[in-house]
Structures are given as structure tokens and as C-alpha cells.
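So the structure is just underneath, and the comments pick up after that.
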Amino acid sequence: CFLCLVFYLAMIYSHYTGYPFPTAPPVDPFAKIRVDDCGKTKGCFRYGKPGCNAETCDYFLSYRRIGADVEFELSADTDGWVAVGFSSDKKMGGDDVMACVHDDNGRVRIQHFYNVGQWAKEIQRNPARDEEGVFENNRVTCRFKRPVYVPREETIVDLHLSWYYLFAWGPAIQGSITRHDIDSPPVSERVVSIYKYEDIFMPSAAYQTFSSPFCLLLIVALTFYLLMGTP
């Protein structure tokens, strides 16, 4: 065929002239997660140190509507996996879960799970698309989309409804997720609507100690005692 002949001649020309064939363009690097859009054009949850961002929070999640899809961005301080679960209550069990898993080949894959009690069962039907992920600086970070509306399915929820969001992350062994890092992973205080963009910060345990009313009262009492001295 004519195209075959052209390709063959091009190979010969390349061989004798030393000009290589053009190669496919490199894959675009993972675009960093923007936090200045939080509460404006996307909703965000941050868990960790006050003022943390997508690269420094213990856990970070954002969501925004794009046409008929919702785009999620997840990041956590782990070398294993980071996930978000959609739940009708604040407890683990019967939840639709999307996880970004760092495997032994250095890739970050988007997987779909369904919580059966305290155990996460992988579901082959995966609603994620436009998937991308990266493992850098001991963090797993990913971005993917999934449809707002889905056919009635027990393991995949409709995101146009409001759900509690369960946040979790932890180690992986040979690309398989294991128990999350902390005993009581954070949960959204109230149900989340994809039609409402908020920027919500949740202090990690290390920063909750001195924020409770009891601890503040204790600090005030001790300070007063030290200033007044003992009788």
C-alpha cells in the first residue's frame, strides 16, 4: 500500500540521515492542587496543622462539579493509600469508597471499594475516570472524576444526594490497602452537598489538646494560680 511504502522509505531515510522518528510527547506532570480556590470554586476539607495546605495537611480533599461529573482531589501524608468514603451515617460500614493506592511499581491507581463492616471489599465496577496520581515527598496525591448520577447500585451512591464524608489513609502492602493510620479517622461534621463549596479545617489530634473548653479553663486556672501565688 502507498502508506506502507511511505513509512518504509521514511525508515530508510532515518537510518541513513541519522534523524530519529518523532516520539510521543511526554505525559504532562501532575498539576499541583490549588488551595486558593477552596470555598470559592471547589469545596475542601483539611485535616492537620492549622493553616496547612494540600502538600502539608495530614489529609486533604477537594471536590467540584464539572458538567455531569464531580472532580475529587485527595492527598495524605502516607506512602500507601488515601481514600474518601460516602456514608449515610458517621460510621464505617455499607459505604461507597474511592481510594488512591500507591503500588510497588511506583504508580498511584484509583480503586473502588465497598465497606462491609470494618472490611473494605474491592469492587470491579469502578466509576472513576480521567484518573491521575503521583507519589512524591512521601505523599500519595491523586485526582479523578466520577459521575454525579449513576444507575441504582448498592455499592455506588448518587453524589447529587448529600452524604457524610469519611476520610482515611494508611499503609499498603504490595499495592493492597491495610488498616488506616489512626484508630478514629476524621469524619465530616455534617452531610456534604456537592452543590455547596466550603473550606473546612479539622485540627488533628496533636492540635486538639489545647482547643477544648476544659483545657482552656484549666490553663486559665493554672495561670491565675501561678500569678497569685500560694497563701
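Using the three backbone atoms N, Cα and C, a Cβ is placed for every residue, glycine included.
What TrEMBL says about this protein:
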SIGNAL    1-18  signal peptide
DOMAIN    57-172  domain 'DOMON'
TRANSMEM  210-228  transmembrane segment
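Note on the domain 'DOMON' (57-172): DSSP counts are 0 helix, 71 strand, 45 coil.
Each residue in the domain 'DOMON' (57-172) has a pLDDT score, and their mean in this model is 94.
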